[in-house]
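Visitor: A single structure is presented below for examination.
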Amino acid sequence: MATSHPLAAAAATSSSSATFRPPLRFLSSPPSSLTLNRRRSFPVVCAADADAKETTKKPTIPDKAPAAGSSFNQLLGIKGAKQETNIWKIRLQLTKPVTWPPLVWGVLCGAAASGNFHWTVEDVTKSIVCMLMSGPCLTGYTQTINDWYDRDIDAINEPYRPIPSGAISENEVITQIWVLLLGGLGLGALLDIWAGHDFPIIFYLALGGSLLSYIYSAPPLKLKQNGWIGNFALGASYIGLPWWAGQALFGTLTPDIVVLTCLYSIAGLGIAIVNDFKSIEGDRTLGLQSLPVAFGMETAKWICVGAIDITQLSVAAYLLSTGKLYYALALLGLTIPQVILQFQYFLKDPVKYDVKYQASAQPFFVFGLLVTALATSH
């Protein structure tokens with residue numbers, strides 16, 4: 001599975017999890033004991049035990065690699081990627097750039113909700129740095145560590161991905177994990193100094209999201225083994241954490257916003273479930289209790305759309321109750337097309353139409369997030 005932090009977070013999605021997975025995807029953070037271990041079953045990563053020769057070994061293409069693949073898919077880190085031997089392209093693939101936009105958007109929503117963002121050079125620059133922390137650094141960290149611990153699943157579902165295929169060595173993967181993590185935390189600390197915070201809230205959001213990402217993917221907790229807890233953690237990483245980071249950067253993170261974004265994270269749970277359907281075979285084989293495995297595809301697809309739709313309708317009702325009539329109507333207007341697309345694609349066949357459904361429905365969802373952010377800023 002792939003995995004969403006204030007940035008990071010969550011997402012993790014296109015690999016064995018899905019496109020929304022682990023997400024400012026402030027997501028996982030490996031402890032200092034993270035090491036590289038060559039055994040097929042790795043509770044931890046043990047760089048110290050890795051053969052030094054692996055760092056210089058050239059990437060290889062498996063004998064059974066697909067005859068053709070898309071270079072574009074490879075760069076985005078999604079299924080159907082072309083086999084690549086360029087180590088930097090492989091590194092980029094592991095970070096799954098396709099999962100960065102939700103985190104970047106979350107930062108934008110948080111900045112809008114603060115009511116204090118201005119189109120000045122300084123504010124725009126600060127927001128870009130926050131987006132870099134949430135997307136390339138912390139989401140990239142989350143996706144890489146998720147792929148590391150998912151290699152057994154990927155060996156079943158997508159055996160030609162970089163790690164199970166041997167296209168990148170163990171030491172190279174571990175190095176990437178630490179560079180992205182430390183880079184993201186460093187940017188978080190820089191943003192706190194830049195914003196003049198007495199308490200380094202952005203740094204701690206990044207640290208917390210990184211830890212969440214780690215326990216999402218790694219044993220012994222491995223939250224993703226539970227469909228409810230894992231997918232909610234993913235939703236929070238992709239929606240809540242980046243929003244909080246953006247709002248804290250330009251304003252004050254208030255309790256009502258925390259509650260509202262946690263509610264929205266339930267919709268993120270539903271979106272994360274979409275990605276579980278394509279991994280049902282590998283999840284069942286390895287004992288992961290994703291919702292499609294636990295409840296069956298028919299029930300799980302209704303849980304999925306229910307989480308997405310009921311959450312947005314609840315937020316619209318909340319906005320209406322606070323006198324934000326036009327914002328509530330706008331959110332309702334953005335929810336209706338999602339329901340139509342669910343019946344048109346997802347509910348018919350969640351495996352066949354998962355990509356088409358997400359590509360067509362998610363734009364309405366993310367604009368609904370922005371509508372909510374603008375409503376709370378007034």
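Positions of Cβ are set from backbone N, Cα and C atoms, glycine also.
What Swiss-Prot records for 1-45 is transit peptide, and it gives sequence analysis as the kind of evidence. The transmembrane segment feature in Swiss-Prot is assigned to 173-193, 199-219, 232-252, 257-277, 302-322, 327-347, 357-377; the stated evidence is sequence analysis.
Have a look at these and tell me how they're positioned relative to everything else.
Guide: Sequence-distant contacts of the transmembrane segment (302-322) (same chain, at least 6 residues past either end, Cβ-Cβ under 8 Å): 260, 263-264, 266-267, 269-271, 273-274, 291, 295, 328-329, 331-332, 334-335, 338-339, 342, 346-347, 350, 365, 368, 372, 375.
Residues of the same chain lying 6 or more positions beyond the ends of the transmembrane segment (357-377) and with a Cβ under 8 Å from any Cβ of it are 19-20, 102, 105-106, 108-110, 112-115, 239, 243, 256-257, 260, 264, 267, 271, 274, 308, 312, 315, 319, 324, 327-328, 330-331, 334-335, 337-338, 341-342, 345-346, 350.
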